[in-house]
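Take a look at the structure below.
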Amino acid sequence: MFHPIEEALEALKKGEVIIVVDDEDRENEGDFVALAEHATPEVVNFMATHGRGLICTPLSEDIAGRLDLHPMVDHNTDSHETAFTVSIDHKLTKTGISAQERSFTIQALLDEESVPGDFQRPGHIFPLIAKKGGVLKRAGHTEAAVDLAKACGSQGADVICEIMNEDGTMARVPEISEIAKSHQLKMITIKDLIEYRYNITTLVNREVDITLPTDFGTFRVYGYTNEVDGKEHLAFVMGDVPFNSGPVLVRVHSECLTGDVFASHRCDCGPQLHAALRQIAEEGRGVLLYLRQEGRGIGLINKLKAYRLQEQGYDTVEANEALGFLPDLRNYGIGAQILRDLGVQHMKLLTNNPRKIAGLEGYGLSISDRVPLQMEASEHNKQYLQTKMKKLGHLLHF
C-alpha cells in the first residue's frame, strides 16, 4: 500500500504529486504534496479538484523569515500547533484565487529576489512554518513536506492540500489508497519518513567520555547530546570501542527517576538497570544505553499523573491513554545512532519488549539474540507487569 521514501522523492523531483499520510492517533489524514517549484496551475487545480481541502505552502523558517511572514496569531491554540502565517497573495495578482494566480504566488515565494513588500496580506495562499528538526520535532504534514523538499535538494518549500471525500468528510487511508491508485500517485507515511531521517541524518554528538567506577565494575561512560531536542543521553561501556566483531551484549534503558534513583516498587526499572549493568560486567563486554525517555516518553510529571490515575483503578496503559498519550511514546532512533557511533552493528539485546527489538532493527541494527531480563514481581508492581505482558506484548512469565 505504501511506497518507499526513495520512490516518493524521485516522484517529487519529476514534478509529480504524492500523498503523505499521518498516524491514526494524530489527524489520521492524507495530504497531496508537491514541490513548490513544480506547483504549476495544473498541480494547483488538481489539488483543488481532487483534494478539496485548504491549499497551503509549508516553508522553512529561513524562507518565512526572509519574507517577513509572521505567525497568524500570537498564541496558537490549535490542538496540533499548526503554524499558519498571515495568508498572502502576490501584489501582481488580481483576485488571487485562480489556479494560475495561486501558482504565481507560490512560485514567487521561492524567488530569492522576492521581498516582503511583494505580497499582499491577507490573501489566498496559506504559508505554514515548519519547525526546525522537521518530523523528528513535530510529526506533521508541514514538517514532512519541508523535509521531503530538502531531501530532494529543493529550497524547503512545498504546496500541500488535505484530501476530502466527495461528501465533505475527511478521507481516511482506505479512501486515500483508492485515490492514489486511480491517479497512480506514490503514497508514504510520516512514520516511514521519520525512520528515513533517523537513518540518513546524524543527530547525536559525542560530547565527553570518562571512566566511572561503580558497584558493578568500572565502565567507560560516553555522554551524547541530541540535536533535535537537546536531551542528554549516556552510554555505559565495557570493552574496546569501536566494537568491530561479534554480537555485543546491549541494554537500552529508558530513564525512570522514581525507580532508578528512589527505588520505587511501582515498577521493575531499578532492578532491571542494576541487573543489566551486572550482566554486562560479568560478560566483560557490552553497552548500556541510558536514554532520557522518562515514563515511556511522556515525562516525569505526566508519569506521576498516570500514577495518580492508577491509584483510582486504571492500569498503566489506560492511565496513559486517559492523559491523551499512546501507551508507549519511546523512539529508538537516537539510541540506534549512539550504538552505531560506538561501532555496534550486531547485538544480543537484554529486553523483554519485542517492540524494542523491532524498533532497533528498523534502524539497520542486527539482533542475533534476545536475553530475558525478568525481575521478581512484588505486591506493588505485579499488576503493572501483568498489564505490560497482556497489553504491550512483553515476554514475561508468572
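Cβ atoms are placed via backbone N, Cα and C, with glycine included.
Database features, via Swiss-Prot:
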type	residues	note
REGION	1-199	region 'DHBP synthase'
BINDING	ARG26, GLU27, ASP31, ARG138, ALA139, GLY140, HIS141, THR142, GLU162	D-ribulose 5-phosphate binding site
BINDING	GLU27	Mg(2+) 1 binding site
BINDING	GLU27, HIS141	Mg(2+) 2 binding site
SITE	HIS124	site 'Essential for DHBP synthase activity'
SITE	GLU162	site 'Essential for DHBP synthase activity'
REGION	200-398	region 'GTP cyclohydrolase II'
BINDING	CYS256, CYS267, CYS269	Zn(2+) binding site
ACT_SITE	ASP328	active site, proton acceptor
ACT_SITE	ARG330	active site, nucleophile
| task | List, in sequence order, the residues of the same chain other than CYS256, CYS267, CYS269 whose Cβ lies within 8 Å of the centroid of the Cβ atoms of the recorded Zn(2+) site. | result | THR258, GLY259, ASP260, SER264, ARG266, ASP268, GLY270, GLN272
| Taking just the CA atoms, what is the gap between HIS124 (site 'Essential for DHBP synthase activity') and GLU162 (D-ribulose 5-phosphate binding site) in Å? | 16
| Who sits close to CYS269 (Zn(2+) binding site): which same-chain residues at least 6 apart have their Cβ under 8 Å from its Cβ? | HIS253, SER254, CYS256, THR258, GLY259, ASP260
| field | the region 'DHBP synthase' (1-199) [mean pLDDT, rounded to integer] | value | 92
| task | Report the member of HIS124, HIS141, ARG330 (the recorded positions) whose C-beta atom has the most other C-beta atoms within 10 angstroms. | result | HIS141
| said: For the binding-site residues listed here (ALA139, CYS256), tell me which residue's CB has the most neighbouring CB atoms inside 10 Å. | reply: CYS256
| request: Select one residue from ASP31, GLU162: among these binding-site residues, choose the one with the most other Cβ atoms within 10 Å of its Cβ. | output: ASP31
| field | Long-range Cβ environment of ASP328 (active site, proton acceptor), under 8 Å and at least 6 residues apart | value | ARG296, GLY297, ASN320, ARG355, LEU392
